[in-house]
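Below: one structure, written as structure tokens.
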Amino acid sequence: MPTPSMEDYLERIYVLIDEKGYARVSDIAEALAVHPSSVTKMVQKLDKSKYLVYERYRGLVLTAKGNKIGKRLVYRHELLETFLTMIGVDEAHIYRDVEGIEHHLSWDAIDRIGDVVQYFQEDEERIQALGAVQKRNEETVADEEE
Ligand SMILES: [Mn+2]
């Protein structure tokens, strides 16, 4: 199992390769706001764990194993964003919240959250009913503050 830090790198590398066709150390460093030497170190570690193949001049290529986990990590991130958006979390908090929780949930929990997202997406009235609960709660809080 990759560590949370390895997961962040694999997720970012997968997105870069998906969008640009390649992932350079400098691009990864910029995307994760870390020093290029940290990226090189981590990339070597990921190579050792068979998530990717790193060649100094040719760059890096995800192995089948790295590609599979990278895809799942990106799915997990996107699912959690969808979930938080759906339940009405302010957009300004979503990215940080997802980055904060994504490494700490089991895949079981991720799948169950997927069920909840599906449950709401299958019927617009369910989203509206949730919205009504939130509105009621906000009004209660506003009343208490008066
Ligand atoms: Mn993420």
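Each position is counted from 1, following the chain as shown.
Note: Cβ is positioned from N, Cα and C throughout, glycine not excepted.
TrEMBL names E11, E99, E102 for binding Mn(2+) 2. Of H35, H77, the residue it gives for the same site is H77. It is E11 that, of the binding-site residues D8, E11, E99, E102, has its Cβ surrounded by the most other Cβ atoms within 10 Å. Between the CA atoms of H77 (Mn(2+) 2 binding site) and H103 (Mn(2+) 1 binding site) there is a gap of 10 Å. Residues E7, D8, L73, R76, L80, V98, H103 surround the recorded Mn(2+) 2 site, their Cβ atoms falling within 8 Å of the Cβ centroid of E11, H77, E99, E102, which are themselves excluded.
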